[in-house]
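These come from Swiss-Prot:
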- 1-21: topological domain 'Cytoplasmic' (TOPO_DOM)
- 43-54: topological domain 'Periplasmic' (TOPO_DOM)
- 76-85: topological domain 'Cytoplasmic' (TOPO_DOM)
- 129-147: topological domain 'Cytoplasmic' (TOPO_DOM)
- 169-175: topological domain 'Periplasmic' (TOPO_DOM)
- 197-215: topological domain 'Cytoplasmic' (TOPO_DOM)
- 237-255: topological domain 'Periplasmic' (TOPO_DOM)
- 277-281: topological domain 'Cytoplasmic' (TOPO_DOM)
- 327-343: topological domain 'Cytoplasmic' (TOPO_DOM)
- 388-396: topological domain 'Cytoplasmic' (TOPO_DOM)
- 22-42: transmembrane segment (TRANSMEM)
- 55-75: transmembrane segment (TRANSMEM)
- 86-106: transmembrane segment (TRANSMEM)
- 108-128: transmembrane segment (TRANSMEM)
- 148-168: transmembrane segment (TRANSMEM)
- 176-196: transmembrane segment (TRANSMEM)
- 216-236: transmembrane segment (TRANSMEM)
- 256-276: transmembrane segment (TRANSMEM)
- 282-302: transmembrane segment (TRANSMEM)
- 306-326: transmembrane segment (TRANSMEM)
- 344-364: transmembrane segment (TRANSMEM)
- 367-387: transmembrane segment (TRANSMEM)
Amino acid sequence: MSEFIAENRGADAITRPNWSAVFSVAFCVACLIIVEFLPVSLLTPMAQDLGISEGVAGQSVTVTAFVAMFASLFITQTIQATDRRYVVILFAVLLTLSCLLVSFANSFSLLLIGRACLGLALGGFWAMSASLTMRLVPPRTVPKALSVIFGAVSIALVIAAPLGCFLGELIGWRNVFNAAAAMGVLCIFWIIKSLPSLPGEPSHQKQNTFRLLQRPGVMAGMIAIFMSFAGQFAFFTYIRPVYMTLAGFGVDGLTLVLLSFGIASFVGTSLSSFILKRSVKLALAGAPFVLALSALVLTLWGSDKIVATGVAIIWGLTFALIPVGWSTWITRSLADQAEKAGSIQVAVIQLANTCGAAIGGYALDNIGLTSPLMLSGTLMLLTALLVTAKVKMKKS
């Protein structure tokens with residue numbers, strides 16, 4: 001309890017938000033997301049240049065996610081009392097190094113090393129994002145600051161693939177990663193200029209990461225996080241075959257649907273701080289319930305293009321509340337161990353993404369076209385019920 005009080009006293013001492021630092025963190029996160037998904041739009045030229053198949057080249061994305069999962073779990077135990085400012089600078093350096101290694105890769109092995117560097121930065125940065133945010137702004141401003149960071153994520157997710165595809169045709173895939181390295185250098189300088197000293201955890205406050213799961217409501221929260229993200233990836237990973245077959249969209253129509261989804265996600269993220277100020281628990285229970293209903297509507301009436309488009313927009317708008325909401329939950333309910341809680345959260349999300357996509361794919365191949373929707377809807381409904389019944393929430 002003394003640790004919790006000490007942490008909150010430190011937070012209360014922040015009377016004015018450091019928006020420059022918040023935006024530097026948001027920019028760095030956006031760069032990480034863009035670089036994570038660049039290979040998706042550059043697989044063919046990368047594979048041809050390196051003399052490998054597109055399937056093998058695609059493992060560069062898998063390696064990043066795999067390394068990120070483990071990095072998120074162990075980063076806080078590794079860095080311990082190190083000033084977080086230097087740690088964030090290191091992550092920006094790893095981002096830049098990753099881009100350069102990929103750009104100059106003449107073998108698949110070097111490509112994987114470069115992508116592993118990105119995984120270290122990605123997992124570590126995500127694990128620390130909530131705790132960094134709560135140390136840069138006053139407590140009541142944390143949801144707004146988190147919405148800025150996740151808004152940057154939404155923008156990055158929308159532009160990553162089309163930007164990579166366009167620039168790849170224009171300047172070649174290697175120069176695309178060189179340009180990304182230049183963004184990494186900008187991240188380094190912006191962080192050095194704006195991020196204040198953020199001392200690490202004193203030795204007497206060290207606590208085993210997984211002991212946090214013994215606290216009331218924490219295990220339920222992590223299970224809810226797992227189910228909500230698994231439900232998201234069970235649906236979104238297979239949105240192309242579902243929408244093209246069930247609703248009859250062509251490639252151009254699907255592109256517009258995905259763009260609408262991305263814009264709705266950005267709008268939802270932008271509005272999330274206002275909703276979360278009213279009730280974090282209501283948002284975390286209400287959002288998956290709306291998504292469960294959306295999955296049901298799409299399953300029953302998804303052959304209508306207007307209905308299918310409407311569901312995509314509602315889904316993007318609503319799901320945007322979930323990542324911001326759970327990060328806000330950590331900053332409020334686990335404020336004394338926000339870094340360690342963030343580590344577990346990121347690992348759970350990475351595992352959920354993998355499981356959701358894998359099980360959704362199995363269901364699609366072996367049960368039927370709408371089975372990923374039913375799986376997603378079921379997981380979202382269970383999430384809403386679990387949050388309502390078991391997840392504990394501290395007031396700000």
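A Cβ is built for glycine as well, from the same backbone N, Cα and C atoms used for every other residue.
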Next item on the list: Mind checking which residues of the chain, 6+ beyond the ends of the transmembrane segment (176-196), have their Cβ under 8 Å from one of its Cβ atoms?
Entry: 18, 20-21, 23-25, 27-28, 31, 34-35, 38, 42, 85, 88-89, 92-93, 95-96, 98-100, 102-103, 136, 164, 167-168
Check: Which of 22-42, 148-168, 282-302, 344-364 shares the most C-beta pairs under 8 angstroms with the transmembrane segment (108-128)?
Finding: 22-42
Check: Counting Cβ pairs under 8 Å that are 6 or more apart in sequence, does the total for the transmembrane segment (55-75) and the transmembrane segment (344-364) reach three or more?
Finding: yes
Notebook entry, point to check: Any chance the transmembrane segment (86-106) and the transmembrane segment (22-42) have 3 or more Cβ pairs under 8 A, given the pairs are 6 or more apart in sequence?
Noted result: yes
Notebook entry, point to check: Could you give the number of helix, strand and coil residues in the topological domain 'Periplasmic' (43-54) as assigned by DSSP?
Noted result: 9 helix, 0 strand, 3 coil
Checklist line | Top partner of the transmembrane segment (256-276) among 148-168, 282-302, 306-326, 344-364 - counted as Cβ pairs under 8 Å | finding: 306-326
Check: What mean pLDDT score does the topological domain 'Cytoplasmic' (277-281) have in the model?
Finding: 86
Margin query: Looking only at the recorded stretches 22-42, 148-168, 344-364, 367-387, which one has the largest tally of CB-CB distances under 8 Å to the transmembrane segment (306-326)?
Written below: 148-168
Note to self: Does the transmembrane segment (22-42) come close to the transmembrane segment (282-302), meaning at least 3 CB pairs under 8 Å for residues 6 or more apart?
What the structure shows: no
Checklist line | Distant-in-sequence neighbours of the transmembrane segment (22-42), which means Cβ under 8 A and at least six residues beyond its ends | finding: 57-58, 60-61, 64, 88, 91-92, 95, 98-99, 115, 118, 121-122, 125-126, 129, 132-133, 136-137, 145, 148-149, 151-153, 155-157, 159-165, 168, 173, 176-177, 180, 183-184, 186-187, 190-191, 193-195
